[in-house]
Amino acid sequence: MSLIDESFELREIQRLEGHTDRVWSLAWKPATGIGGVPAVLASCSGDKTVRIWEQSRLTGSFECKAVLEETHTRTVRSCAWSPSGKLLATGSFDATTAIWDKVGDDYECVSTLEGHENEVKSVSWNASGSLLATCGRDKSVWIWEVLPGNEFECVSVLQGHTQDVKMVQWHPSMDILCSCSYDNTIKVWAEDGDSDDWHCVQTINESSDGHSSTVWALSFNSSGDKMVTCSDDLTIKIWGADIMKMQSGDGIAPWKHICTLSGYHDRTIFSAHWSREGIIASGAADDAIRLFVPGEND
Amino acid sequence: LHKLVHIMDSFQLNSNSDSIKDIFDSSLNLEETHYKEGYTEGYNDGLSSGKDEGRQVGLKTGFQVGEELGFYRGCIDIWNSAIRVDPTCFSSRVQKSIKQMDELVEKYPKLEPENESVTNIMDSLRLKFRAICATMNVKLEYDGYPKPSDVKDIM
């Protein structure tokens, strides 16, 4: 039974209120929402706070369990849980990235990563939770290593994008990092051996079937052999790479354009995400959320 | 008179249409002569003012580069001293980066401003410096020193 045979319906089950400014990003806490563990969600906002919401076992509705405030001095733009769910990273326009740990019922800021010259736009943990990537308006991508005792060391500062870097995402199984930017390109970064020597191994620009305007988001499918990107150019693009080749240590296989989805949104597409089940969701400035499933031939 | 006779002699020696051209050549070439004179004057003027400007730009750039390199040299020296006192004060990653910075500062072609690698080396130095400072969680900048461009403001 393929997804295309199913019919999908998006139904609003609850509206969470509490933030006093726009909500920029959300993140589901890993290992919650299954096995009897109530689902937990983090949201970050222009009101400089992060809220943690938990689904009540009794009523099934989400309640605000914690407000992470008085740390960031400007909009919190991005939040991401470490793969184990132990730590929450929050990136802010105040140029810092805060790391939060749950202590009892509350969350404490256990570390503050400074280095970006201005607004941090995105944070992402690698699959093993050993590395954290951040990116920002200063056009740079930073890679940090997590050490015992919630210590963080800067592994590398990557320059290459010529404009604001909107998002960074780690590959779901390999330590390969992708970034997308206001400079219309998508960059792939990898480490040379084990030497902390990270560099750009591929740049996807307009001439390689890439986007013709700001690329706002990127997301990998669960198997990591495909990724989806969305842009101000009103298209969603799907890319594929020979993962087998990469995993067998045969170098970095380049990402190739598979297809372009256009005509579905008539305003900037700000968000795209590939679910574990293979559904791609996109959200755009036309106030629409669209769901895409792979057809017979694509 | 002597010169006139000389000219008359050469006139008689080359008694064909070419010799008539010779006499008029110097007046026809007036334009070219003046062009050449003007060009030479302008060239020499440009050469000396260009040298002056070049000297000023060189001084300014040299100062800025020297100041930045010197700042990194100072930081590296202090860090190395700290490591000598306590080899565990910095992580192995930070120590490796400090060593790499040291090599870069030494390898910077100070006496070859036209060497292509100057931008790359300086860029690498700046990135490594930012990464080390971020890990140490310190803010180190050398903007306590007035740059040549700031000097006007102070005055």
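Quick reminder: no glycine exception, Cβ is built from N, Cα and C everywhere.
Worth saying up front: this structure is predicted, and the values here are computed from it rather than measured.
As recorded in TrEMBL:
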- A:16-54: repeat 'WD' (REPEAT)
- A:69-101: repeat 'WD' (REPEAT)
- A:113-146: repeat 'WD' (REPEAT)
- A:158-189: repeat 'WD' (REPEAT)
- A:208-239: repeat 'WD' (REPEAT)
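Of the ranges A:69-101, A:113-146, A:208-239, the one with the most Cβ pairs under 8 Å to the repeat 'WD' (A:16-54) is A:69-101. Sequence-remote contacts of a segment are chain residues at least 6 beyond its ends whose Cβ falls under 8 Å from one of its Cβ atoms, and for the repeat 'WD' (A:158-189) they are 121-128, 131, 133-137, 139-143, 198-206, 210-220, 222-224, 227, 229, 231, 233, 239, 243, 246-247, 252, 255. If you look at the repeat 'WD' (A:69-101), the same-chain residues 6 or more away from its ends with a CB under 8 A from one of its CBs are 21, 24-32, 40, 42-46, 48-50, 107-114, 116-125, 127-129, 132, 134, 136, 146, 150, 152. Remote same-chain residues near the repeat 'WD' (A:113-146) are listed as 74, 77-84, 86-87, 89-99, 152-175, 177, 179, 181, 187, 189, 198 (criterion: CB distance under 8 Å, separation of at least six residues from the stretch ends). Secondary structure of the repeat 'WD' (A:208-239), assigned with DSSP and counted as helix (H, G, I), strand (E, B) and coil, comes to 1 helix, 17 strand, 14 coil.
Here the repeat 'WD' (A:69-101) has a mean pLDDT of 97 out of 100.
Taking DSSP states H, G and I as helix and E and B as strand, the repeat 'WD' (A:113-146) has 0 helix, 20 strand, 14 coil.
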